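Taken from Swiss-Prot, the feature Mg(2+) 2 binding site applies to 120, 124. The Mg(2+) 1 binding site feature in Swiss-Prot is assigned to 120, 124; the stated evidence is similarity to another entry. Here Swiss-Prot flags 120-124 as motif 'DDXXD motif', drawing on a curator's inference.
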């Protein structure tokens, strides 16, 4: 099947570059979000509390930690778990219990990102996540205790997977995926820190390895876990699906890099740690590839500074090389590559789920906006 060329990119991560409000719009099929939160607060958290019930006061701490931190990103991202499962699993497999288990996977994946986020906030000295103060700033014991909380919750997650999936055929594969998220996030973020000392903004070698680990390899497990829960254990199908959703991890990271400069803090839900700590990002590497000599020199003099005037000048330099347009080009090119990957998956149901997620991410406008545009065009 030939790759489709989208006429318009109006999806979730394209909106900020199109001067549209950065709506956190859900996938059109993500209609049971109330059940997601019910599972998080009435199944997972009580199970966690039960696991540590012998320790005075600790169950309540775990409850507060999870409730405050999870999800740490827009929970619509991890809909890939449910989308894959509901599209691929046979209808007779989709019992109420198996649907609940699917939501457990989704919420635990979000929790895994949240625990990695606690460590990330410590390294970046972050103050806010999703518009809320970070856990370390509100919990008893402060930063030191918060770090141990992240380790403890990650351990409880493994017990939760065993409790609910321990007898399933795909249990060992699920455990591997849940271990992958904190492990590869640690690798990627370490590379990210080390790369801050290298001011050669023309070399993207380390950045590619960092993003592969901290973004791609942490995002695709949510989708792959949904496929395993659907009963697909074929390594070839799992690998192909993982590759497709690995690209979504890259896209989320590039979107995050772009958002730091083209979204207000109220939209992004955080500050600007990349600029402050001289981090190499998609934005810096792409802009440097298009700067002339004078622009490159000025950029190096301004980037990494806390001076508001210099930070403002960085944004102006990005505008001079039309970083918005370069961002849209990157999204479009990535979409074409991923579409080709999807077309080679030898299972039409998996193809359908992958394509549906990518179209939400890049192509389809939010339903409310689509309806408004329809009225205006008629």
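Any Cβ shown, glycine's included, is placed from N, Cα and C.
Values in this document were obtained by computation on a predicted structure and should not be read as measured data.
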Surrounding CB atoms that lie within 10 Å of the CB of residue 124 (Mg(2+) 2 binding site), all protein chains: 21
Count of other CB atoms lying within 10 Å of the CB belonging to residue 120 (Mg(2+) 2 binding site): 20
Taken over the motif 'DDXXD motif' (120-124), the model's mean pLDDT: 87
